[in-house]
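In Swiss-Prot this protein carries:
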- G197, I217, L226: S-adenosyl-L-methionine binding site (BINDING)
Amino acid sequence: MSNKRLIHGFHAINARLWQNPKSLIEIWLAGGRHDARAKAVLDKAGAENVKLHIVDKERLDSMSGNARHQGVVAMIDASMNYVDLDDVLENLSEPPLLLILDGVTDPHNLGACLRVADAMGAHAVIAPKDRSATLNATVSKVACGAAEVVPYITVTNLARTLRDLKDAGVWIAGTTMEADTDLYHFDASGPLAWVMGAEGEGMRRLTREHCDVLVSIPMFGTVESLNVSVSSGMVLSESRRQRVLKAG
């Protein structure tokens, strides 16, 4: 299977150029653009010896499937994204803060989760290989550059990964509406992996059984549920808030 894939949009491509330029194979930029963002891509691509083509909008529309490409598309070597979970854990300077997505298959949701994970300083996003969205151009665009900097680790056996994390001293907190413990009465300041289930289905039974604790997000309005990326942002933000308070 080819490791090449397309990404589009200035956020995603600039993140690649600055964070992982060797993963860029070539870039296509809309002709006639002389704005600062286009110039920044031109200059950085030249500095990193990344092949760049000036093409018309129709070519970019065709390449991106008429997505909102903002006038720039790139081909990347996705194999250079590979990150091992053990490497992530071994190189941290603070207790792990992880986001685990169990059955999130929508690329827009994955992109939004990566974006909030980056904003809240999560060290990695983990998902099972067989029931998850894959990194693609849509994910990269929605993530606004976060897909290029937050490790997205897919695992063959999520239950085994949860056991390995426990052995490494990481507490596993699953989120569910039925939990007795709520987010604002839970100590989320230590080494922690938040587990989010698929919208409408929640966590799978085996995943739930591997959680150390189940936590609910208090709801004070009329809506009964939240988008998975919104929920992810809330729990990660609470972990960060508690860590700041604990540090004094």
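Glycine is no exception: its Cβ is also placed from the backbone N, Cα and C atoms.
Neighbour count (other Cβ atoms within 10 Å of the Cβ, all protein chains): 16 for L226 (S-adenosyl-L-methionine binding site). Between the binding-site residues G197, I217, the minimum number of other C-beta atoms within 10 Å of a residue's C-beta occurs at I217.
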